[in-house]
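Colleague: After the structure tokens below, expect a handful of questions from me.
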Amino acid sequence: MSKVSIQSLLKKKQDGQKFAVVTCYEASYARLVEKAAIDVILVGDSLGNVVQGNDSTLPVTVADMAYHTACVKRGCAQPMIMADLPFGSYNTTEQCLESATSLMRAGAHMVKIEGGAWLADSIRQLNRAGIPVCCHLGLTPQSVNVFGGYRVQGRDAAAAQAMIEDALALEAAGAMLLVLECVPTSLAKQITDKLHIPVIGIGAGPHTDAQVLVMHDLLGVTEKTARFVRNFAEGSASIEHALSRYREAVEDGSFPAEEHCFN
Ligand code: KIV
Ligand code: NA
């Protein structure tokens, strides 16, 4: 596997080749992700749940994210490393630039932010500073207290239309990737078809350009998992094997299957 870049991911979308993304928070697992030839590592603020044991991502700080990004960076050379800007770290464009700079210094190649068209100024500012941006729409866990729980988003026509408009606005502002979390399959397909940038789904059906899963979920370490998760450790000889099977299932389109989707 050669070094993964935004350009190589864009080419995959244009060629209709699916790619896999997995979360990772430390060096030893990052080495296994690389050996399994997975293109992108997300240092997710889901570490607040699966590593720190919190019941949401809200307690995670920029310092926590920088620490885990640096750990991942030391474990791999080829995958693209994307790091989440945590809750409360991008409330203004200035704060966003400062937080993102910390994560890039720690070893990230790109940052991810949760939210819609209102982030356009921040995206432009980050791009001017040399920082590529992935956006995240649908169930954005940092807003769990606004949503009143972890629920599928974009179910009615008005919410679906608003998500499409947000996605287009984010792409126009310069976002280079988009994550869609827990959205109906047909809406995720519409957004994926409308955008030129690669769309990465989680609980968003089989039509997105890529899939992402939380490492602990796909390895069956998490106590209670969501509908969209498959345990790839079952029937695998090793963790590296489980990661390879996940990548292959994404690439050949066998994951996600009907039972992992919301219609
Ligand atoms: O933090 C995370 O793990 C994420 C993915 C679920 C997309 O943001
Ligand atoms: Na996240």
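Backbone N, Cα and C atoms are what each Cβ position is placed from, and that goes for glycine too.
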Colleague: For the 3-methyl-2-oxobutanoate site that TrEMBL assigns to ASP45, SER46, LYS112, which of the candidates ASP55, ASP64, ASP84, ASP121 is also assigned?
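Modeller: It is ASP84, as the record lists it for that site.
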Colleague: What whole-number Å value do you get for the CA-CA distance of GLU114 (Mg(2+) binding site) and GLU181 (active site, proton acceptor)?
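Modeller: Just about 11 Å between their Cα atoms.
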Colleague: Whole-number Å only: compute the distance from the Cα of ASP84 (Mg(2+) binding site) to the Cα of LYS112 (3-methyl-2-oxobutanoate binding site).
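Modeller: Their Cα atoms are separated by 5 Å.
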Colleague: Taking the Cβ of ASP84 (Mg(2+) binding site) as the centre, count every other Cβ atom within 10 Å, in any protein chain shown.
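Modeller: A count of 30.
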Colleague: About how far apart, in whole Å, are the alpha carbons (Cα) of GLU181 (active site, proton acceptor) and SER46 (3-methyl-2-oxobutanoate binding site)?
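Modeller: That separation, Cα to Cα, works out to 13 Å.
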Colleague: Rounded to a whole number, how many Å is the Cα of LYS112 (3-methyl-2-oxobutanoate binding site) away from the Cα of ASP45 (Mg(2+) binding site)?
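Modeller: Roughly 10 Å, rounded to the nearest whole number.
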